[in-house]
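**Q** Sharing a structure, written as structure tokens. Questions coming.
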Amino acid sequence: MKFIVFLFLAALQSSVSGVLGFNVTFNSSNVEVLVDGSVQVDVILEGTENELEQIKANNWTVFFGPSGTLEAEFGNSSFSCDSYRCIREIDIRGLFLGFGTVSIARMDPESKTWIKLDPALKVTVLRQEGIMNKVFIAFVATIVTLNYVNMGCALDLGVVKEVLRKPIGPIIGFFCQFVVMPLVAYGAGQLIFDDPVLRLGLFTFGSSPGGGASNMWTVLLGGNLNLSITMTFISTLAALGTIPFWLFTLGKTILKGTNIVVPFQNIIISLVSLIIPIGIGVLIQRRFPKVAARSKRILAPVCIILLICIVILASIANSYMFFMLTWRMVIAASLSVWTGFAAGVLVSFFFRMSCPDIVAIAVETGIQNSGIAFVLLSYSLKAPVSDMASVVPVAASIITPIPLFVIYCCQKCKRFCFKGDDLELQEINPKVKAKQEGETNLAHNGIN
């Protein structure tokens, strides 16, 4: 039965080709158009005089797809013909980034159905980088740099030296960051995604170093800031070797034929943008201790404000990516990021690290420097494939703060409840109040 249907379709196609014997071409084999932009192309039909007469007599239309990516229609009312060919203009408008096709079709006078003519024109819809992207990048770079200066004022170099002498925390972080996270991202991509582009996007994110907002969240959650900054520096430095290792091994199996470009320059810039402002903060701490003390007091509130500003501006600048999110992306991103948090907690707990160290290691493991992933994908893949692959790191960046925010709210509620208990005790027993004040002073002296 299938063979008979196949023969029928082949005969029908042969019949159509015999009636429509003219040759169909476009003045461009592959057209690129910007989102909300338009471009004009010419469709050219070549044939005998009788065939050209058929072209003038028949009704024609334009087929395009997918409908959400582009639109197309004839730009003029009829074909312009000479002795051997007919030409007609087609207007193509970009709606959303992606790939599509445009083809013309002729109305069959007997069946009253449209008959498509091959070949179809390939269309690529590209995104134009707006002014908001540049404002977002400049703003985030400025405020993060200033906040690193603020963190430098709170940094204890003595603790950092002690961490480097006994680098248990950085070693745990390195293992979770560059062994667990890439393997989890690779496995999640293979399990959830059918599209190799999305697999590469997730794997690139999982192979990136820690950083970004990790230091801010460490401050807010009461983690060890000294360990966090040390781990950020070490992971960014190690990324010069670990990113090429993973991308040229497992990465090559995801998207074959891709010319992967490791953004060494951007990794080095990340290192410099971390070291210099923190160094300035340490210098302020040494020369102007009163200024440094004031900076330490406002460190947590400033981190909250910066995180809110980054989320709002990032949502505005990359709003187009929200329309590309799917439930598979959300699940894959959640599995990757939250596994990173869990791995950091479990491995740190196994080695009996202190609670502040566990927080720092877990946060540093789960939060990736998504900027490195974006640059790598934009250099390695052509648009709009690079934009499509970047949606996965965006999904991961959206998912990342959710458990951290929940923990932060729980901590605040717990402190509020215990604070009320402390006030009741102080009213009942003045000795308890004096004892608590003495312990608080000792704690502050220990921190400073």
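Glycine is treated like the rest: Cβ placed from N, Cα and C.
Bear in mind that TrEMBL entries carry predicted annotations, made automatically and left uncurated.
Pulled the feature table from TrEMBL, pasting it below:
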| type | residues | note |
| --- | --- | --- |
| SIGNAL | 1-21 | signal peptide |
| TRANSMEM | 135-159 | transmembrane segment |
| TRANSMEM | 171-193 | transmembrane segment |
| TRANSMEM | 227-247 | transmembrane segment |
| TRANSMEM | 267-286 | transmembrane segment |
| TRANSMEM | 298-323 | transmembrane segment |
| TRANSMEM | 329-351 | transmembrane segment |
| TRANSMEM | 358-379 | transmembrane segment |
| TRANSMEM | 391-410 | transmembrane segment |
**Q** Three or more CB pairs closer than 8 Å, sequence separation of 6 or more: does that hold for the transmembrane segment (227-247) against the transmembrane segment (391-410)?
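**A** They are not in contact.
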**Q** Same chain only, please: residues at least 6 beyond the ends of the transmembrane segment (358-379) with a C-beta under 8 Å from a C-beta of the stretch. Say none if there are none.
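**A** Tertiary neighbours of the transmembrane segment (358-379) are 169, 172-173, 176-177, 180-181, 200-201, 204-206, 208-214, 217-218, 221-225, 227-228, 231-232, 235-236, 239, 243, 247, 260-263, 266-267, 270, 337-338, 340-345, 347-349, 386, 389-390, 393-394, 396-397, 400, 404.
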**Q** Out of 135-159, 171-193, 267-286, 298-323, 391-410, which stretch touches the transmembrane segment (329-351) the most, going by CB pairs under 8 Å?
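**A** Stretch with the highest Cβ contact count: 171-193.
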**Q** Please figure out which one of 171-193, 267-286, 298-323, 391-410 racks up the most CB pairs under 8 Å against the transmembrane segment (135-159).
**A** 267-286
**Q** With a Cβ cut-off under 8 Å, give me the same-chain residues at least six positions beyond the ends of the transmembrane segment (391-410) that come close to it.
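**A** Non-local partners: 198, 201-202, 204-205, 213, 217, 220-221, 307, 311, 314, 318, 321, 324-325, 329-330, 332-334, 336-338, 341, 363, 366-368, 370, 373-374, 377.
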